[in-house]
Amino acid sequence: MIYLSLSLSHSLTLSHSLTLSLTLSLFLSLSLSLSLSLSHTLLICLWPCAIREAAVNVRQRLFVQGDCNSIYLACTLSRSYDLGDSDLHHTPVIKMGWLDKTPPQGSLIFQKRWVMLDAQYLRYFQNEKEVYSKRIIAILFVTEVLNVGEQKFEVVTRNRTFLFRAENNTVREEWVSVLKETIQQRRSSMEMSLMNFSFTSGQRDSGVSLISKQGYLEMNGLRSKVYVVICADRVFLYGNAEEHSQGVGITYIEMNVGTVKSTDKRSFNLTTFYRTFSFLAESAQQRDQWVEALQDCVSRSLSSDVVAQKIWAVEANQRCADCGAPHPDWASVNLCVVLCKCCAGVHRGLGQSVSKVRSLRMDEKVWTDNLIQVFLLGNNRVNLFWAANTPPSEALQPSSDSEKRQRFVSAKYCQGKYRRYHALFGQQEALNKALCSTVQTDDVLETLSLVFCGADVNCYTGDPELPSPVSVAQHYGQILQVEFLTHNHNTGRSLISLLHLYIFFWVHLQVWNNLNIFSLDFSRRWCSLNQGNFSYYESEKSSSQSGGMKMSDVLCLLVNPPGKHGYAHSFELYHDSGRVYLFGEDSSDKVKGWIKAIAKALVPSAAEDLVCWPFARVGRLSYTEGQSHHSPLLGWFSLGGSRLLLLLHGADRVENIDLRKIKELSMEQEAGAGAVVLVDGGRSLRVEGDRRPDFQGWLSGLQQGSGRGDGPLDQQQLTDTDVPVIVDRCMSYITQHGLKSEGIYRRCGVNSKIAALLFFLRHDARQVRLNEGERQVDDVANVLKRFLREVGEGVFNGHQASLPWLHTTSDERVSQYQALLHSLPRVNRATLGAVINHLYCVQCFADENQMNMHNLAIVFGPTLFQMDGTDNSAGQVVEDLIQNYQDIFNVTPLPAQISQEVSAEELVCKVLRRRNIPPQQGDYWSCFLVDNNQEIERPLHYQEQALTIYFSLGKDCHLVVKKNCYMEAILTYIAGRVDVSRNGLIKFCEEKGQRGKGTFSRRLCVLSGLSLRLYKDVKSSQPERECQINALKVYCGIKRKLQPPSWYLCCESKNELIEWLATFMSLQVIIFL
C-alpha cells in the first residue's frame, strides 16, 4: 500500500494534516493546515470563497435569447393608481429604464422592455405602466455581467444568460456598473448566510426561510401550470419548480393589496387593485389549504415583522418549541417558548394561569425590549429544561393531529413529564433561597428552572427592605429577571402541584437499626439487597415490602459529594422507569458498605474492575464506535475525576481513559436526545443519552473530567506528554512563527486580544487553533506568560514547594535542581521541562530575537514562580535551568552541530559526508520528515530550514536522510514533457470533523498551471474544490488509520500514482538530487 499526502501549510509538522486518499492499496492525500496541530478552520473558511471565485471564472455561458416561459400579465389599473410605488416594493428601486431584449425563440429582433433593478431582483416589464413583470431574476444568482459588442451586455446566471441592449454605450456602461455594484453589495450582506444557503426567492437577509407553501396550480388563461410560492407577504409565480430553484421567475404579487376568495369547488381568486388572478387546485382540500395559506400571507403583510425578526435572530427560535414547525410567530411569554399557530391554540386552551400566549406580529405593545431579550435564550436552551426527557414515541411533529398535540402540551407544561428537575427539587426552603440568590445574577434560565420546579415567585426573602425576589432583582439591576418574574407572578405554583409524585421518590437509608429522621423530605425505610433484588419496608418487622427494584433495571449508581441533600453521605439510583431514588446517611462506613454491595450487584462479573476504585458514578450506556450510528451497543462505564473506565461490548478487559488527554470531547443534540463523542487514540466513541435522567450527570462529569482551564496544572487539558494543551499550543506557535521575532516574550501585546484568547483557551483549548495571520506572536507569547503566572498552585506546586528552588547552594545547584525536579508532581515536572526546553530553543536564536538566557530569565523568573519581580533569585533559577538544561533534564545532545540556517539540501550533504557515503550514479537522496504514528513521510523542500522543523517536531516524528525511491520513475515520466499537467477521473472522499463520515465518489481532477481543481464530473463548468500548487506539501507512505481533516484520492494503479506524484512535484519544482 502506497500513500501520498499533499499539505497546504505554513506549518512544518504533519500531525493533523488534511488528506486526499486512494484505494486499491494506492493512496494520495491532500492536506490543508495553517497551524501546528489542526486546520479545520482553514478548510471551512477558505473553500466557500475559493469555490465561488472559481465558479465565476469558469462558468459556462448558456446563451438564451428570449423568454419562452414568460407571461404577459396585463393590469386592469395602471401603475399611476393612487397607491404609488412605495406600496409595491419592499426595497427601493436602484435603477430603471428602457432596454432592448431578445424575444422568445432566439429571434435576432430586439424588443423594448421596461427594466427595474432593486437590491433583490432584476425585473423587466411589457411597458412602464405594468405592475407585474414578465421575468424576475434573483440578484444572488447573477454570477457575471459582461459587455458584449456595441451597446449590448449579458446578465449571466447559473443556468441562463439574458442579453440586453441599451440605446448607446454610455447607458450600457451605467447599467453594467450599477448591476455589478448591486451584486457585490448583495453578496457581502449575505456572505455568512451563503455558507449554509439554499436559495429560493422566499428567503430574506435574515437567513430565515419564510416560505409557507409552494406547489403547482393551474392559472386561468394559461395552457400549463405555474409553480406558486407563498413567501412572507409575497406570492411568487414561476414557470416550474426548476426555475424556482434557479432563482429565475415570472413575477411576484404584493399581498398587502390583495384579498383571497374561494369561487368554486377547486378554484379561488387572488384579487389585487391591478388584476384578479384565478387559480385551480387539484382538489377541494388543496384549494382550502392554498386559501388558508394566502390569507395568512395577507395577515402577515398587514402586520409588523420587527419583533419576529428580532426573536428569529436566534436560530433555535426559527422552529416551534413543541412540534418543530418552521417560522413560529406565537409565543408563551411566561414559559419562554416560541410556538407555531397550531401549538399556540393548544396553549390558549390551558388558560392564562398556565400559558400566556401572545403573537409576535400583532401584539406589539407586549413585546418590550426586555421581554425580547428574555426570548433570546432560544427554544433549544429553554427546552433543555422543558423537554429534556421526551421519548421519541411521544414527541410532536408539525403534522401531528390536534388530539396528540393537546396530550403532549398538557403533559409537558401541566404535568412536567419531560422536564429536567432541579437538584433542589422537593426542598421548598432551599428552592426559595436559591431563587433569591439567582435573581441577583443574569442567569434567567436557572431562574426558570427554579420557578417551574417549585420555587415561590412571591416568597419572603427575609429582608424587609427587599421582601420579594422581584424587589431583589430590581435592586441588583437585573431587568431581565424582573421581566421574567413579572410574567410568572401567578403561574409557577399551579404547575408544580402535579409534579411531586412524577419522577422523584425520596427515601432515607436505614441499615439494620433505627436512626433518627434528619430531613422531613426523606422517609425512613428498612432496606434489603438479596440476589439482585433491592427492597425496602416500613420497618424491620414489616412482612410486606413498601417497594423495590431489580438491580438489572437500575441504569446508574451515583455517589454524591459529602453534605449534599442534607446528609454527610448520600447516593442515588437511577431506574429505567425514570424514577430517581435518593439515599442518605451520616455514617460513612454504612454508606460505603451499601455502595460497594449495590455496585457489585449492578455490574456483570467481567466488569468488577469498574467498581474497585473510588468512582463517582457507574452504570450502563449505549454507544457506537467509528462512523456507525445505526446499531448502538451496550457498555459499562465508571467515571471518577479525570478517569473513565469502560468495558465495551464483547471486550475481555476494562479500558482506562485519561479524559484530560483525549483529542476531542463534543456534544450532540438530535431530536431531543443527547450524545457525547470522545475521540482518543484514533478511535471515536459516541455515547448516547437515550433521554435518560442520569445522562446530564454523565455529561457534566465527562466535561469536568476532561480538564478545566481555571484549575491547577493537573486539572488542565493535557497532551500525551502531560503538558497542558494551552502551554503546548502557545509554545508551538512561537516555535513556528516567533523564534526570530525581536524581543519575543519581552514586548507587550494587545491586552484585549490576550484576554480574549486566554478565555477561549481556558474554556476549551483543544478547539482553539492558532493560525498564522490570525494571531500576533506577541499576543500568544503574553497569553503563555499570563497563564503560567495565574495557574493554580503554579508550576512549582505552590509557594511552600517553590522555596527550596530559591535557596540552593552554588556548588551543588545542578544536583539539587535534579532532586527538586524529581519531587515535583508528574504534570508539573513535564510542564517545567517543556517550558525550559522551549526557552532553550528561543535563546538559540538570540542574534535575531535579542533574547539571550539572561533576558529570558528576567521575564520568566517572576512568571514561573508567580512573584512580583523584586526577588532576583527567581530569575537566577530560571537562568540556571536554561544554561544547564541538558544536565538537569537528562537531555542527550545532538550528535552533530547544525547551523540555524542549514537547509534540507545542506543537511543531506553533511550527513552523507559524515557517513562517508559517496553519491553514485542514479542515487537520489532526500531528507524526510517521518511520522511514526501515522507511518507517513514527507520529502523536505531542499530550501526548507532543517533546525526550525526539528524544533517543531512532535514526540512521534523525526527526520531521516535516505534515498528517494520515487525519483527515478518521476524523472522518467517528466522527461521531454513541455507542458507539465495532468487531468483524469479519480475517486475522491472528504472527511469532516474528528470522526469523519465521508464516502468515495468519482471526480474529475485537473492539475495544471498554479492550481489543483476537482470537478463533480467531466461536464461540470465550475470546480468543487481548488487550491494553489505552490502551497502544497507532498507526503508518501502507508496510513493505517485515516484521520481527518482529510481529502482522499484513489488511484487505480501504481503507474497512475507515480504520474500524479510526478506532476505535483514537477509543478512545485521539488526535485531532490
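Cβ coordinates are placed from backbone N, Cα and C, and glycine is handled just like the others.
Counting residues of the domain 'PH' (92-184) by DSSP class, helix then strand then coil, yields 22 helix, 44 strand, 27 coil. If you look up TrEMBL, you'll see 92-184 (among others) marked as domain 'PH'.
The domain 'PH' feature in TrEMBL is assigned to 210-299 (among others). DSSP assignment over the domain 'PH' (210-299) gives 25 helix, 42 strand, 23 coil.
Annotation comment: TrEMBL describes 305-413 as domain 'Arf-GAP'.
Residues annotated as domain 'PH' in TrEMBL: 524-603 (among others).
Taken from TrEMBL, the feature domain 'Rho-GAP' covers 711-889.
What TrEMBL lists as domain 'Ras-associating' is 898-966. Taken together, the residues of the domain 'Ras-associating' (898-966) have an average pLDDT of 80.
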Counts of helix, strand and coil residues, the domain 'Ras-associating' (898-966), according to DSSP: 17 helix, 20 strand, 32 coil
Per-state residue totals over the domain 'Arf-GAP' (305-413) - DSSP helix, strand, coil: 48 helix, 11 strand, 50 coil
Helix-strand-coil residue split for the domain 'PH' (524-603), DSSP-based: 21 helix, 35 strand, 24 coil
